[in-house]
Amino acid sequence: MANAYGFVGHSVPTMKRAAQFQQMGSGFCSADSISKRVFCCSVVQGADKPASGDSRTEYRTPRLVSRGCKLVGSGSAMPALQVSNDDLSKIVDTNDEWISVRTGIRNRRVLTGKESLTNLATVAARKALEMAQVDANDVDMVLMCTSTPEDLFGSAPQIQKALGCKKNPLAYDITAACSGFVLGLVSAACHIRGGGFNNILVIGADSLSRYVDWTDRGTCILFGDAAGAVLVQSCDAEEDGLFAFDLHSDGDGQRHLKAAITENGIDHAVGSNGSVSDFPPRSSSYSCIQMNGKEVFRFACRCVPQSIESALGKAGLNGSNIDWLLLHQANQRIIDAVATRLEVPQERVISNLANYGNTSAASIPLALDEAVRGGKVKAGHLIATAGFGAGLTWGSAIVRWG
């Protein structure tokens, strides 16, 4: 029986118990989520007419069919300017060995005044459409996963316009920092399974170089700019390519990684009688990225493998079933620690961190696109992917390519 949201009741597994929360030693929390895959339904080309002799004058309830989604195209783009560790050693007290040993990073790309993040995202999206052989006019949603939009109100509509989508498909931003792309994938799946959408572009793009303190060697060495995209397409439920996911947030960890709003200028007093104070408000901007690296490292090494194990369990799989482990490219030590915890050998771990640094929401689709175009990831391969970062927010998804 279909409910008001278009979901079929009997095909949605019920929760056997209430979510169980437990507090970690560091104060972070975890929770058990709804298990197993959920197949949703949407209308198939309207309703059936009543049979001959049927006394009802209204059309019957539209038929419903199960729907799945699959990843069918990828693309990526990055700025032209490459900044090496040696380049950074000229502006802060550091060197190539110090950076590469602690992070695994050797180079990163940085946007200049001649480039824009929106243009990078558009290029990546076009490449994904070309690989999938889908016309821009067949796209019915654009999701821009970013924490650094070039417009306060979001960049997705500008990308939709640049792509030339003539049917005005829905386009909006998702802000979840380095977890953004995974949340975008899950959001796309929900729109397809329950909302009747067919071709959704999920773009991860960030330019964190604009929010870096280039005198702080603890953070300026980490970040780069880039964009990556995938096309998520509807399919029959039997071909579904999103097997399971696991998503979490913990606002208590915000103190360890943030770029908080700051007030600029001076108070603009209104009148002289003191009846109105602090108005108009001061103009605001965001601070540079502030990070407690040790705490973020501990958080990632603890929560990410837990999340992936949870998603694998929901899918009825284990680490030996996956072909590739693809994590947010934040730090090679984190990637190695998670792979060791999951017993995934290094030859099945995708990493391009050395070339691009931490590109936030772009890191997973960028690495995926390079792996697909390089022949590593092939149709039918299973990928365990996970994002983690500011919020604190983290999540994982088990997906099949193609």
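The backbone N, Cα and C atoms fix where each Cβ goes, and this holds for glycine too.
Per Swiss-Prot, the feature active site maps to Cys178 (among others). Neighbours of Cys178 (active site), defined as other CB atoms within 10 A of its CB across all chains, total 31.
Marked as active site by Swiss-Prot: His328 (among others). Taking all protein chains in view, 31 other C-beta atoms sit within 10 angstroms of the C-beta of His328 (active site). His328 (active site) falls within neither a helix nor a strand when secondary structure is assigned with DSSP, and so counts as coil.
Following the DSSP three-state reduction, the secondary structure of Asn358 (active site) is strand. Per Swiss-Prot, the feature active site maps to Asn358 (among others); the stated evidence is similarity to another entry.
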